[in-house]
Amino acid sequence: MRTDAPVLSLRGATKRFGGLVAVNDLDFDVAEHEVMGLIGPNGSGKSTTLNLISGALPPTSGGIALRGTPIENLPAQEIARKGVARTFQLVRLLPSMSVLDNVRAGAVFGHRRRWGAEAETHALRMLKLVGLDRRAHAHTGELTYIDTKRVELARVLASDPEVLLLDEWLAGLNPTELEEGIALIRRLRDDGRTIVLVEHVMDAIRSLCDACVVMSSGAKIAEGTPDEVLSDPEVIRAYLGDDDDA
Amino acid sequence: MDILITGLFLGGTYALIAMGLNLQYGIARIMNLANGEMIVVGGFSAFWLYSSAQVSPLLTVFLVAPVAFLLNWLIYWIMLRPLVKRAKSRGQLEVDAILATFGLAFVSVGIMLAVFGGDYFSYSYLARPIRLLGDTYALNRATAFLAAVLICAAIYLWLNYSRPGMSIRAIAVSPESARLVGIDVPKLAALTFALGGAVTATGGALISMFFTLDASTGVIFTLKALVIVIMGGVGDVRGTIVAALLLGVLETFVAAVIDPGLTLAAAYLLFIVILLFRPQGLFGRRGT
Amino acid sequence: MIRADGRTLALVALVLAVAACLPLTGSAYWLSLGISIAMYTVLTTSWALFSGPTHYISLATAAFFGVGSYTTGIGIEYLPYWALPPIAGVLGAVMAALVGLATLRLSGVYFVIFTLGLAELVRQVIIWFQNISGQKGIYVLTKITEAQIFWQLLGLAALVYAAGWAIGRSRLGFALRIIGDDEEVARHSGINTARAKVALFMVSGAAAAVVGAVLAPRFVYIEPSTAFTPMLSFQVVIMALLGGTGRLWGPLVGVIPFTFLWEAISASFPNQTTLLLGVSFLVIVYLLPRGFVGLIEGTRRRMRAREAFA
């Protein structure tokens, strides 16, 4: 496996909804073991970009490749199998199942497919990784908010993804939870996982990301390390300007 | 040519029935599978008043519509509102509404069977021929068509140009946002459901002028109305009318050229084609 | 786990063995009731295999059943009887695959409507075909006895339970549970949702067609209006939901009381069966949303909770 080639690359990715261009001619690469932050004001097309990568929406034009293989025209399940796994902006658990079964779903059907005892031990390992192993047999309805997020993360991790897409995974957490959450993602980063995260929490971006892509009105306006982009005047204008509009 | 016009006459009446269902599904979000029974109830009333007191079905309509409105309003508040409230997701509401309205449909068929028996009923009203463009047509079909056109036009204008109509269309697009701008969603949903029921029952009274009904024909109408609604697009008045006319012409064509027993099969064929190629309806835009 | 499975297996085998002795009582009434129960057990259990986890309500049972009956009706002239139920099964599965591919990508409402009309569609086509060929119904004259039909249905029930048990423990079964919970998550976890749904719908379609094929000799004379009776589809939905679809044995809990109720009502008030169907639907929606199974499990859970607090 070459390490110099990007794991994930977008070239000219575009998504139109009728007359609205939600994602406009977007290019970026994510290298192996890199944590890439996708940031920008509300409505700048970050979540839509994740939806394009994960196959929730087909791009109107442009290419998306996973280790050089085009995936832009594949349905979501194929993309998931090739190794792109995602969390959802609003946590989505499987309400009729136990915590363990939720995670097993990832282990059984994901990038690396397991079954039986192997899937179960793997799922338990992932629950331990996110710190929920003692609640494996709990019902999802009994969990606190951050624990539901943990379950979702464990489900995604259980599929052994090549790329992990986290859609505002830290949103809505209180300060203590936020600290735990950031620590958890840092651990994933230290394990060498490749991650794309859409995030609003600036502390998290500074402390977690190797690189950032800043979007505004669907287009990329800056790219670089967190410190570079966050001091970029155009980025500052995009954020503050949007605040004025709102 | 006469197939086309007969078909349009039929389609016009279908449009009225499907419009009732579309109001209920598109706005109140209830797939009302008892829709066909409301047609039969409307038809029964027209039949009964005509054969016992010689009341013209065109007058009966003015009695049927308010009664059906009230009845459907009650059905919404008593039976359906609790389901809307307890539903955790759109899918669950859909399943519950389907089962509940099926129950309602069967109960009403059962009651009608018990009260009126299983006989066909029909009466002869305006069964005179009229000449149009060199061909002859039944006057009752033409009258029903005209009445249907008037009612459809009234609904269309009301939805597009009145204040409640505007609110109702807002709910159809997005119930959550409608609530945010101060629209009383449950109340208007009930109102629309009731209105849909009234329109359907009116259609039933009109259709009974030239169609032989019995207590259990309802389900056939429900099916046709559903096909029309899906073909025309959920919540789309214009699409409903076009789809209804299309179905009316297709059915008349199949009945005249191939076999009268195949009308529903023809409707289904059209349905399959639509499902495969334009599941969002004739004029619908692909979902975003 | 394995011991519990073994015990369940032994219990099921015992129940089947006892049931298989029913024809030995020599009572035609009980045998005919037994056939009804066995038939509905197969139909509802296979229905619930698909509709239980996915929440898609299929009203196509009558269509599959009718196709099965006609397979026997037409095929009996050319082929030995034993070859026909498998052929019917294949036809049912193919038909289910076609219907599934056209509708299962879409919302549940479209599926219900489509399946509701399917039996009517096939029926109209057959009537039309018969009008052209000038033939009315078909006589199915065989030497197959009621008892043999009963045993075949019992065997089929065993097969459906075995299939349900196997699916429940397979990736497919797990995939369907995920789909039933959240289709979006299912897709993003790497499940081919359309294929999983179509596969299970094929199982239930095939089972219903085989039941139709097995029962055809009992009718002796087959015509479209009896073979494709829409009532059947509704009865199956009601019994399955009344019992509860969360467990493999759930539908059976609905089938037994409903069959007796149905027999009683249609014997003394033949015109009120429609009313009964309607009332049953309302009872399911408003009083027993999770069926008898839900009721039993809810009570059990409450009792356990009370013990825990006591």
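Including glycine, each Cβ sits where the backbone N, Cα and C put it.
Among the features that TrEMBL reports, transmembrane segment is placed at B:6-23, B:30-50, B:56-76, B:97-118, B:138-159, B:188-211, B:264-283.
Residues 32, 35, 38-39, 137, 141-142, 144-145, 148-149, 151-152, 155, 192-193, 195-204, 206-207, 221-222, 224-226, 228-229, 232, 234-237, 240-241, 243-253 of the same chain lie 6+ residues outside the transmembrane segment (B:6-23) yet bring a C-beta within less than 8 angstroms of a C-beta in it. Comparing B:30-50, B:56-76, B:188-211, B:264-283 for CB pairs under 8 angstroms to the transmembrane segment (B:97-118), the maximum falls on B:30-50. Here the transmembrane segment (B:264-283) has Cβ contacts under 8 Å with residues 220, 223-224, 227, 230-234, 236, 238-239, 242-243, 246-247, 250-251, 253-254 of the same chain, all six or more residues outside its ends. Most Cβ pairs under 8 A with the transmembrane segment (B:56-76) among the ranges B:30-50, B:138-159, B:188-211 are made by B:188-211.
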